[in-house]
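Undergrad: OK, TrEMBL features for this one:
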DOMAIN    25-145  domain 'Amidase'
ACT_SITE  Lys76  active site, charge relay system
DOMAIN    167-487  domain 'Amidase'
ACT_SITE  Ser171  active site, charge relay system
ACT_SITE  Ser195  active site, acyl-ester intermediate
Amino acid sequence: MLGRTLREVSAALKQGQITPTELCQKCLSLIKKTKFLNAYITVSEEVALKQAEESEKRYKKDHSLGYLDGIPVAVKDNFSTSGIETTCASNMLKGYVPPYNATVVQKLLDQGALLMGKTNLDEFAMGSGSTDGVFGPVKNPWSYSKQYREKRKQKLHGENEDSHWLITGGSSGGSAAAVSAFTCFAALGSDTGGSTRNPAANCGVVGLKPSYGLVSRHGLIPLVNSMDVPGIFTRCVDDAAIVLGILAGHDPKDSTTIQDPIKPFMLPNLTDVSKLCIGIPKEYLVPELSSEVQSLWFKAANLFESGGAKVIEVSLPHTSYSSVCYQVLCTSEVASNMARFDGLEYGHRCDIDVSTEAMYAATRQEGFNDVVKGRILAGNFFLLKENYENYFIKAQKVRRLIANDFVNVFNSGVDVLLTPTILSEAIPYVEFIKEDNRTRSAQNDIFTQAVNMAGLPAVSVPVALSEQGLPLGLQFIGRAFCDQQLLTIAKWFEKQVQFPVIQLQELIDDHQSFKMKS
């Protein structure tokens, strides 16, 4: 039951094959069994069971609220949840309980979804590994999959099996791991430079970054207001479309959301791709790209070609400036956003009471980790009066050029772009931490962050397993607000590639017996 799609589970609930409470308990039990993955910061067991009870009453009366009624979901811990601690994986917000729900969380609850808990992340969503939060790193469920372990056994001779666990990618690694390990059917992440698509690719799930302005940011604790978008994790494209249909639409509390009414996102079954034009950006063929991902990318292009689609090489000429431009704009907005954490109104406050200034300084010194402090310092440097024109304003102009590159490509008749999501398969934690957060983020956001600067929709779809038995994903990028077309094409592709299901049963049994012995 836990491996089924939203539609299937929803049908099973309607037919009484399973009750919301049973489903909730199955997921809670799996959350406990997979606790070592560190996917959740807070498990809201009582809340979820109470919601399941309410859902059950509705099903008994035949009053189901829709596809999500009685369905377990998880939420990244940078979305405000009323009455449930929201930490952003930082000491700065440990113990902070918001008085309201983020709009997207409220929309899920209004549809009868069961909130299983809040998921782990990099502190304040700054990172690409989910390794830099105060609650420790998230482990990729595929580290323990049968597929990966069998491949590793052939290579391993007496090495410590457990020291080689893999990262989930980030910053929404907890949500990706939660969906991948079957502890929920869908999860919310956020995506500022790739934070939903990157972990989706590493964990073998679907990660959708909607168009900027399609989904409300109210209650998402901001990182970079002009780029942040709530992201969606599911195990198939259709499920992502269902969740998007529920979340999308105007919100009076977020002035950047679109005004037009939104129709539900029902995806047609595309049978003919011959009228499509798929663009392959030549600048994305970088030397750092692993040969496996590269060959998969070209195979995917051939798949469209053999289906009759037109596949053309396109150019996004300003790609090489994208990373530097993103760093300037991102850190500048971060510096501005982080100013609100001053120890006065909410969150951590130090004990120093010599003066207000001393209290501010000590609070921020204790509350933020080095990554966050580093980004605040950089951002404030770019925003200094003598630097503002040379850095911030110049980066805004380059951002416009990058956005125009995409506009030009889509105006030339291209329907979607097909690119890698990340450079390679998931890597072991011990490898990942050899480089610092900033270096890793710059490396890992290479194919994803330009999309945020341009405000476009993009989705990472799991395609195949690498030679090591690990998931590899590819990214589709669509025109602004053509999210439905993007997902329709991604759904066709998903059907062609038939990505294998993660085999985790042994993992859970192993860890149970291991715990009992110890």
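From the backbone N, Cα and C atoms, a Cβ is placed for every residue, glycine too.
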Undergrad: Averaged over the domain 'Amidase' (167-487), what pLDDT does the predicted model reach?
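TA: 96, rounded to a whole number.
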Undergrad: In the domain 'Amidase' (25-145), how many residues does DSSP call helix, how many strand, and how many coil?
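TA: So the domain 'Amidase' (25-145) is made up of 46 helix, 19 strand, 56 coil.
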Undergrad: Where Lys76 (active site, charge relay system) and Ser171 (active site, charge relay system) are concerned, what is their Cα separation in Å, rounded?
TA: 10
Undergrad: Which whole-number value in Å describes the distance between the Cα atoms of the residue listed as 'active site, acyl-ester intermediate' and Ser171 (active site, charge relay system)?
TA: 5
